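K.L.:
Structure in structure tokens, see below.
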Amino acid sequence: MYGRDPWGGPLEINAADSMTDDDRSRNLQDLDRATPSRPLDETQQSWLLGPKVLKKKKYVDLGCILVSRKIFLWTLGTIVVTALLSGFITLIVKTLPHHHHKEPPPDNYTIALRTALKFFNAQQSGKLPKNIYNVSWRHDSCLQDGKGDPGQCYKDLVGGYYDAGDSIKFNFPMSYAMTMLSWSVIEYSAKYQAAGELEHVKELIKWGTDYFLKTFNSSADNIYVMVEQVGSGVSGRGSELHNDHYCWMRPEDIHYKRTVSQCYSSCSDLAAEMAAALASASIVFKDNRLYSKNLVHGAKTLYRFATTSRNRYSQNGKESSKFYNSSMFEDELLWGGAWLYYATGNVTYLERVTSHHMAEKAGAFGNSPYYGVFSWDNKLPGAQLLLTRMRLFLSPGYPYEDMLSEFHNQTGRVMCSYLPYYKKFNRTNGGLIQLNHGAPQPLQYVANAAFLAALFSDYLEAADTPGWYCGPNFYTTEFLRNFSRSQIDYILGKNPRKMSYVVGYGQRYPKQVHHRGASIPKNMKETCTGGFKWKKSKKNNPNAINGAMVAGPDKHDGFHDIRTNYNYTEPTLAGNAGLVAALVALSGEKAVGGIDKNTMFSAVPPLVMATPPPPAPWTP
């Protein structure tokens, strides 16, 4: 039988397959009746059923917690991949050649800084501390200072620093030296830290301030006397008694009684300078609150003493006038008052130092040949810059702005005078500025000027000021740094003699320094006058007094390395302090940073600007 294929073409149908649905149903019923009626055992069931499908667990039992299976597998996979990747990276790193990145070598100024600080260790008096900075040929000395005269007010004057090539302790230049070191630390602590010398310089400052606190009644609010000098340098008729200039001997071998000079009144310059030293050091040691507080109290007491009976400490032909004669005292009052304001924040000091009268008395409006020559005697240029700092960073406004603006302008004029274009100061053919107008021992003044110029440059840069005006001409801060570098480079050896004037720096430096301790072998004990054979010797010093900046060349760039001529070869505390300050200002990379703007103002509260007086009534 054929049917029609709906897609086209015949379709053959087998007749045997044409049973009806009823027939199929009856056949199935017959099959069901043939099925055994008893239940199947498990084995038989397994023949008929497929394998049992087990449902996967969604969690993993870790004993103490249940974790999602997906999270567990993902975490495990991540750990495995990370471990493989880490191992691969480690293998690569180990197989690659290693390039060790060493720190860049220190610059010349940093090297010279480390050397220059050693001079202060060589000048220490008293029972020396045991530390890494000790000088091998120096030992305890002058342990009886202040103890031999029952008439002295202060019985313990052990400590401090010897001034130069002798063993006298002059408190006036010593105070100035400590102030300079403190100022440089306040401004450039990061650079000292980078050079590895911060703790060293702080120890040197504290050695000085600890001694100063012994030289007056530092616990009192008011005093009537202070020590100005320990030791004597009197020469000429009547000087046959043993003293520090009559004898040439190591300080360790001094056996004679050392005189103590005291000032009972008219000590304005000395007291104000020592107040500056203590006040500035109190900022350096501000984290040592008790010590800083003691320094501030002592500074206040000294400044009060300085303002009660005003006059020069070296007047009336005193011995100090032969060595460190102070030309005036008002500049110290300005200088010390500025430091006390920064140390205390007391506006009474600010009002004093910004008065027109005090500035005029200090010579701020003058134009002497030595205007701008910063030294142990003339603090005016330092005070002007110190107060300019306040105007640049605090802008206190009325009523201080007028005088602070004057100080700012005066500082600018001083900096102009340092530039070679204005010829206020001559220069040697080798380029050394003659700030003391051709007189001997020029380097201490040069180092001080180099410090002021570098510092003013950093002040301007920190205040986002690119330069300053000299009349109609504008100069960038780089002119200041070039001046500073040129003068310090001269001192370090870039001069016609190709000689460093800092002992221990460079290949060529003075070998016959005018210095008692350095000129006598350390194991040789000489009598008072027996040591003069070493002074007159043509041989080099047996002990190198590393870091000492000698007095320097003459106005023709000439220099004689002769021990007997102190105008060429004697170093001083004041000179080395200026050198250290200039070196740290120039040292290091720009990345180390410039000045620390804020530490100086750590004790200064926010200033409330006063309301200026109303203008005078207008009249037609």
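Quick reminder: no glycine exception, Cβ is built from N, Cα and C everywhere.
Keep in mind that what you see is a predicted model, and the values were worked out from it rather than measured.
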K.L.:
Pick from 1-39, 118-156: which stretch is listed in Swiss-Prot under region 'Disordered'?
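P.N.:
It is 1-39 that Swiss-Prot annotates as region 'Disordered'.
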K.L.:
Suppose you had to name the range Swiss-Prot annotates as transmembrane segment; which of 71-91, 323-343 would you pick?
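P.N.:
It is 71-91 that Swiss-Prot annotates as transmembrane segment.
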K.L.:
List the residues of the same chain that sit at least 6 positions away from ASN134 (N-linked glycosylation site) in sequence and have their Cβ under 8 Å from its Cβ, in sequence order, or write 'none'.
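P.N.:
Listed in sequence order: ASN121, LEU128.
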K.L.:
Want to know which glycosylation sites, from ASN108, ASN346, ASN409, ASN426, are within 10 Å of GLU570 (active site) at Cα; which are they?
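P.N.:
Checking each Cα against GLU570 (active site), there are no hits.
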K.L.:
In the structure shown, which of the active-site residues ASP166, ASP561, GLU570 has the fewest other Cβ atoms within 10 Å?
P.N.:
ASP561
K.L.:
Report, as a single number, how many Cβ atoms besides its own are within 10 Å of the Cβ of ASN567 (N-linked glycosylation site).
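P.N.:
16, counting other Cβ atoms within 10 Å of ASN567 (N-linked glycosylation site).
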K.L.:
Let me know the model's mean pLDDT on the topological domain 'Extracellular' (92-620).
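P.N.:
A mean pLDDT of 94 is what the predicted model shows over the topological domain 'Extracellular' (92-620).
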K.L.:
Whole-number Å distance between the CA of ASN346 (N-linked glycosylation site) and the CA of ASP561 (active site)?
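P.N.:
With the alpha carbons as reference points, the distance is 50 Å.
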K.L.:
ASN567 (N-linked glycosylation site): which of the recorded positions ASN217, ASN426, ASN482, ASP561 is the nearest Cα neighbour?
P.N.:
ASP561
K.L.:
If you compare CA-to-CA distances from ASN426 (N-linked glycosylation site) to each of the active-site residues ASP166, HIS514, ASP561, which comes out shortest?
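P.N.:
Out of the listed candidates, the nearest Cα belongs to ASP561.
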